[in-house]
Every structure is written in C-alpha cells, then in structure tokens.
Amino acid sequence: MSRLLIDIGNTRLKWAWCDDAPVAAEHVVEGGAVLPSPWRHGGAAAHAVPAERSALVGTWRQLAAGTTPEIWIANVAGPTIAAAMEAVMEDAFGAVSPHWVRTTAAHGDLVNGYREPTQLGVDRWVGSIGAHRWLPGETLLIVTAGTATTLDIVTATADGARFEGGLILPGLELMLGTLARNTAQLPELDVLDTGAGAERAVRALGADNTHDAIAAGCLAAQAGAIERSWRALAGRGPVRCLLSGGARHAVAGALAMPFEMHDNLVLLGLHAMALPA
C-alpha cells in the first residue's frame with residue numbers, strides 16, 4: 001500500500017511518499033534526518049504559493065500511477081489552506097478521503113499529559129509521537145524552531161512515555177521582525193542575517209555593531225530558553241535534545257549543549273499513526 005504523509009506548517013508543507021516495498025538504505029536518510037522506512041520520495045513547498053501547490057499535482061500523480069494512496073495529514077495552517085490542499089489532492093488522485101489527524105489523549109504507549117489534551121497543537125503531538133518512535137525509552141526535549149519556537153518534553157515511564165507539556169515562544173524570524181516593526185531606528189533582519197558574527201556575540205555576551213547586537217540578542221533568547229529547559233531535565237537524569245524547524249541551523253550555532261538535528265519528526269509520527277495497530 002502507498003501512503004502520502006503531509007506535514008502542513010504555518011508557512012510550508014513537507015511530504016513523504018512511502019509504501020510496503022523494500023527500500024535501499026540510502027533512501028532512509030535525507031539531509032541528516034531519518035525518514036519513514038520504507039521511504040520512496042519526499043519534498044517541500046510553500047503552501048500559500050499557488051504555483052508550488054500546482055507543482056505537487058504532477059509529482060503526486062506520477063507517483064500514484066493511477067492509484068489512490070492512503071493520505072495522512074497534520075495541519076496547523078487553518079481551514080483555507082486545508083481546502084486548497086484538498087483541491088490539490090483531488091486534482092492529483094480524484095476523489096480522496098484523507099485522514100486529517102487530530103490530537104488525542106494517547107497514542108500507543110505515549111500518554112498526552114496536557115490538562116485538556118485536545119488543546120495541544122497537532123504538530124506538537126504528532127512530532128512527539130515521531131520522536132518517541134525514533135528514540136523509545138528516552139527522555140526527550142523536542143525543539144522546533146519555526147514560525148514559533150516550541151519546546152516539548154517527553155519522559156520515559158515504566159509502561160511507555162508521557163508528553164509532559166512544553167513552552168511556546170516567538171520564533172527567531174518573528175523576534176527579528178517584531179523588533180524592527182516596533183522601533184524607529186532598528187533595521188529589519190531575517191534568519192539568514194544571523195551568521196558567524198551573531199554567534200560570536202552570543203558567546204561574548206555582546207556585539208560591537210547594531211546588526212549583530214539584534215541578531216545575537218534574538219539568538220540568545222532562543223538559546224536561553226532551550227538551554228534552561230535542557231539543564232532542568234538533565235538535573236533529573238539523561239535527556240536527549242532533538243532540534244528541528246526552518247531556523248534550526250541558526251539556532252544550533254548559539255547552543256552550548258548537546259543536541260541532534262532531526263527535521264522529519266512530524267512525518268515519522270504520521271507514519272507511526274498510519275501503520276496498522
């Protein structure tokens with residue numbers, strides 16, 4: 001059976017096409033991140049750009065070769081984008097009945113510890129499922145550096161694992177943009193402006209120019225939240241930090257703690273949910 005997995009974030013979507021056929025080892029890892037196995041194809045697109053959505057139609061139609069895959073989707077971009085993606089899928093496959101994943105109180109041996117489980121964002125929940133699948137039995141700090149930066153904690157328990165909760169703060173690009181828009185004389189920077197000078201300034205606790213001072217200040221805020229959470233968890237026992245999201249490379253340069261890059265946790269979680277129980 002072929003499966004199409006789609007992770008729709010606030011600005012971009014990522015997708016994976018996998019099936020039950022054997023797969024060569026080189027297809028299992030892409031960009032340093034483990035992908036669902038068997039994994040055949042994958043990609044990304046800016047979902048608000050019609051041309052990029054249209055390009056998906058041809059790609060998916062070719063992969064389907066006249067069949068209709070089982071489709072699993074985690075969407076945090078809202079109903080307008082959901083409707084647009086429904087149209088893309090219908091163009092590619094004809095009539096479809098995708099599984100729009102929702103947050104639940106538990107999945108397998110992972111328990112959702114939110115006071116109101118359905119309030120937890122579906123991306124955070126499915127990403128936690130993927131992280132737990134990837135590293136079962138481990139206590140995890142899952143950091144997603146995207147439009148928002150989220151820090152989520154999964155702890156190992158005697159009979160499985162528990163999603164404990166986490167933190168949400170403005171993402172790096174939001175911090176940079178908000179500072180510029182709400183001040184009269186500070187320039188607007190983007191994530192690509194947070195380079196080596198900003199990283200040095202974070203470590204030196206100061207910058208000798210405004211550009212690096214802004215970039216380093218926002219990086220230090222991101223790194224400070226992550227490192228504080230990591231230290232608190234490390235004080236209880238072993239913990240592994242998984243770093244993902246579009247700004248992960250910029251944030252990584254400011255961290256003074258061990259971490260691992262893994263940018264496909266939501267796709268891994270969708271794959272786990274799609275497999276028969």
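Glycine is treated like the rest: Cβ placed from N, Cα and C.
Remember, predicted model here, so these are calculated numbers, not experimental data.
Taken verbatim from Swiss-Prot:
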type     : residues                                                    : note
BINDING  : Asp7, Ile8, Gly9, Asn10, Thr11, Arg12, Leu13, Lys14, Thr147 : ATP binding site
BINDING  : Tyr114, Gly121, Val122, Asp123, Arg124, Thr210              : substrate binding site
ACT_SITE : Asp123                                                      : active site, proton acceptor
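Secondary structure at Gly9 (ATP binding site), as computed by DSSP, is coil. Each residue in His47, Val76, Ala77, Gly146 lies on the same chain as Asp7, Ile8, Gly9, Asn10, Thr11, Arg12, Leu13, Lys14, Thr147 and has a C-beta within 8 Å of the C-beta centroid of that ATP site, without being one of the site residues.
Taking only the Cα positions, the spacing between Gly121 (substrate binding site) and Thr147 (ATP binding site) is 14 angstrom. Put simply, of the binding-site residues Tyr114, Asp123, Arg124, Thr210, the one whose Cα is nearest the Cα of Gly9 (ATP binding site) is Asp123. For Thr11 (ATP binding site), the nearest of the binding-site residues by C-alpha distance turns out to be Asp123; the candidates were Tyr114, Val122, Asp123, Arg124, Thr210. The Cβ of Val122 has fewer other Cβ atoms within 10 Å than any other of the binding-site residues Leu13, Val122. In the three-state DSSP classification, Gly121 (substrate binding site) falls within coil. Of all residue pairs in Asp7, Ile8, Gly9, Asn10, Thr11, Arg12, Leu13, Lys14, Thr147, the annotated binders of ATP, the farthest apart have Cα atoms separated by 15 Å.
The DSSP secondary structure for Thr210 (substrate binding site) is helix. Cα spacing between Leu13 (ATP binding site) and Asp123 (substrate binding site): 12 Å, rounded to the nearest whole number. Residues listed for substrate, Tyr114, Gly121, Val122, Asp123, Arg124, Thr210, cover a largest CA to CA span of 41 Å.
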